[in-house]
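The structure appears right after this line, and notes come after that.
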Amino acid sequence: MAASSEISDGDNAVELIVCDVPAFSSAGSNGDAANDAADSLSDEIAPLLKQPAEKPKINIFSVSYSRRKARDHVIKVPESEAQVSQLILWLWGGSRYSGMLCVALSSSIYFSMEVVSDVFAAQSIPLFETAFARCTILLVLSFLWLRRTGQPIFGPPHARKLLILRALMGYLSLLSFIYCVQRLPLPQAIVLSFTTPIMASIAARIAFLEKLKIADIAGLACNFFGVLFIFRQSFTAQGELVKAGSASAANLKGMHYVYAILAGLFSSVTGGISYCLIKAGSKACDQPVTTVFSFGILASPAALVCMFIFEEFVLPELRSLFLMLLLGGLAFLAEVFLARGLQLEQTSKAANFQYVEAAFTELWGIASSTIVPSFGGLIGCLLILASVGCTIYIGPDKDIE
């Protein structure tokens with residue numbers, strides 16, 4: 001309902017219109033309209049104010065898991081084991097010195113094998129039988145390692161030629177070294193075997209164009225002279241036997257001696273080439289254990305054939321069998337760390353750390369009273385340790401691919 005009134009004042013006129021609002025009226029039929037409007041407004045606001053009576057549906061995205069229960073199921077690793085794992089990872093590749101440290105650890109493991117052999121003396125086992133046992137353990141452990149890590153057993157196709165050559169050169173080096181040990185006194189055979197790092201550095205200079213700095217050459221020379229000082233007393237004693245015409249020195253005369261020397265040098269040359277192939281194969285496969293497996297798969301059956309051809313089989317006792325298994329496991333670790341060190345580090349610097357074994361052996365002999373202390377032996381140990389210390393101080397160079 002609307003009412004209008006007009007007010008005029010001369011020329012100006014004002015019209016006033018008043019309208020009634022039904023929604024806010026409280027009389028008559030307008031009261032029903034107001035109630036309907038209020039009900040509609042409350043219906044619109046109610047979903048925002050009221051909680052649903054039914055429980056919401058639960059799916060996998062809305063389930064909340066208790067954090068306390070999850071913590072109860074977590075297996076806590078002991079702190080000591082965690083520290084050992086971190087140390088191994090750091091040693092394997094977490095430091096710029098990892099290559100040097102891996103080769104040093106490999107030489108230390110070889111030294112520990114000598115200590116175990118001396119402490120737990122067992123029956124004498126022929127050389128080819130010992131070689132067959134160790135190569136078989138290398139083959140089995142490297143196979144299990146590769147299967148567990150999901151790596152290809154025979155390596156990628158582009159690296160198989162390198163792996164075959166590595167296995168061939170490695171076994172030729174082993175075969176000629178065994179011949180050298182059988183024909184020469186052990187100190188002389190060991191000295192010839194320590195020319196392998198020098199041959200490896202020369203081969204790496206030719207094959208990989210690695211730089212041979214004056215410091216690297218001086219380090220290798222210092223280490224080799226240290227080995228000569230350590231075994232000088234053994235050479236002197238052997239020379240006295242030759243002059244006295246001892247029957248045990250009969251093999252040191254004639255062409256057999258020359259052949260044994262040549263076999264030792266051939267072992268060093270093939271060993272040096274094998275080091276370069278280990279380096280190339282490890283980089284091509286991105287897995288140093290593959291080079292160990294390739295060597296074992298050739299050397300194990302070859303050593304078995306040589307064992308039956310050149311020697312008589314000796315059934316090992318239980319103590320000797322356990323010792324062979326232990327030494328085989330240590331040899332596997334030593335070969336793996338050696339391959340890893342060659343993979344990471346320049347060959348000449350990595351080869352320097354292999355002489356640590358000679359220094360540790362001499363010091364162990366003096367400590368255990370199996371070797372009489374000598375001035376030459378102490379000088380040799382100091383030369384080797386000083387050379388290794390200088391190599392660490394200079395630090396690793398950037399490797400040349």
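Each residue, glycine too, has its Cβ placed from N, Cα and C.
Lifted from TrEMBL, the feature list:
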DOMAIN    99-231  domain 'EamA'
TRANSMEM  97-113  transmembrane segment
TRANSMEM  125-146  transmembrane segment
TRANSMEM  167-184  transmembrane segment
TRANSMEM  190-208  transmembrane segment
TRANSMEM  215-235  transmembrane segment
TRANSMEM  255-278  transmembrane segment
TRANSMEM  290-310  transmembrane segment
TRANSMEM  322-342  transmembrane segment
TRANSMEM  363-394  transmembrane segment
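Looking at which of 97-113, 125-146, 167-184 has the most CB pairs under 8 Å to the transmembrane segment (255-278), the answer is the stretch 167-184. Between the transmembrane segment (322-342) and the transmembrane segment (167-184) there are fewer than 3 Cβ pairs closer than 8 Å, counting only pairs 6 or more residues apart in sequence, which means the two stretches are not in contact. It is 290-310 that, among the stretches 97-113, 190-208, 290-310, 363-394, forms the most Cβ pairs under 8 Å with the transmembrane segment (125-146). Below 8 A, the CB atoms of the transmembrane segment (215-235) and the transmembrane segment (363-394) form 3+ pairs separated by six or more positions in the chain.
The stretch from 97-113, 167-184, 363-394 that makes the most Cβ contacts under 8 Å with the transmembrane segment (290-310) is 167-184.
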